[in-house]
Amino acid sequence: MIISAASDYRAAAQRTLPPFLFHYIDGGAYAEYTLRRNVEDLSQVALRQRVLKNMSDLSLETTLFNETLSMPVALAPVGLCGMYARRGEVQAAAAADAKGIPFTLSTVSVCPIEEVAPTIQRPMWFQLYVLRDRGFMRNALERAKAAGCSTLVFTVDMPTPGARYRDAHSGMSGPNAAMRRYWQAVMHPKWAWDVGLNGRPHDLGNISAYLGKPTGLEDYIGWLANNFDPSISWKDLEWIREFWDGPMVIKGILDPEDARDAVRFGADGIVVSNHGGRQLDGVLSSARALPAIADAVKGDIAILADSGIRNGLDVVRMIALGADTVLLGRAYLYALATAGKAGVANLLDLIEKEMKVAMTLTGAKSISEISGDSLVQELGRSLPAALAPMSKGDAA
């Protein structure tokens, strides 16, 4: 098949993956309005076309936390990444490393920290949740530091798991889930051979290393459900600072006041994010939340953004709305599931080309020249105020 965009990878991934895995990453919370709004709102951000600007010396390079990035993109933490391709975290990290951008390893990765870190040249980032088991958190931080991880991404929008109705229908959860997953795997031989048989062990590597025993999918669901901590507060972040002296990014900010709190706390960065629409349906899309947050804290803290980004044009839009860098989640996972490391590498090349086109036609020679001035104001920052119901279609 012809691959020219992330949407092509999504279609290919749907054919390759058992339904329980495809819908786990593709779906969102409740009726998935926020999931779809993430994409729809971002698509409504209109850019000013500028011409005759001599764009021959255009550059996408940027700096974040004293790291040089070839473009303002990093791969987001994604749980169970190693179930989408054989040792998926290793393959995705290699593609990001070759492109000169950061890879973020999830707490609930299949491949443990110690397997991924030695395979790449640049330091990877590590993502952590606040969990009841503080011993695990401390252990994970110590291991991340020992492995040379440079930046901690601290996810704060999961004090409790979101209600994801698709999971019950697809076999990730619900009645007879294990049997349904087995038969789905049988019906998807490419995945069954590449990942099901040759991608073992299917442990949650970071958790298994701490518990001293294998942890499979059922353990993943049960352990996390029992360990998410609804008592999370800024005091927990103070505790984390005792064990982590590198850059610390707070992921899951949607309100300007929370962004100001992150500045007061002394965080190095925030991620404007609604967890890809997977936590609470009906909240603002990241594109709609970002401008007010940028107005509140731009210049005081690094602003990253995710949710709804599917191409290089979307990256430029997010930066114009106020982000310094973006995180890619679903987009790279579709590519990984389709073609492994090569798929992710190709996706990143596509995004780079799309960014160059968008910057050339908006007159921005560098990332620093992308700003609110790049927007058509009536159609840029002023996005629709209401979360009106949308037709249920392609949520990619």
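Here, residue 1 is simply the first one shown, and the rest follow in order.
Backbone N, Cα and C atoms are what each Cβ position is placed from, and that goes for glycine too.
Since this is a predicted model, take the numbers as computed values, not measurements.
The candidate list R50, R164, R241, R310 contains one residue that Swiss-Prot assigns to the substrate site with Y24, Y129, R278, namely R164. Checking the recorded positions (Y24, R164, H275, R278) against S106 (FMN binding site) with a 10 Å Cα-Cα cut-off leaves nothing. If you take every residue in the domain 'FMN hydroxy acid dehydrogenase' (1-380) and average the pLDDT, you get 94.
If you compare Cα positions, G322 (FMN binding site) sits closest to H275 out of the recorded positions Y24, Y129, R164, H275, R278. Cα-Cα distance from R164 (substrate binding site) to D314 (FMN binding site): 26 Å (rounded to the nearest whole number). Other Cβ atoms within 10 Å of the Cβ of D314 (FMN binding site), summed over all protein chains shown, number 26.
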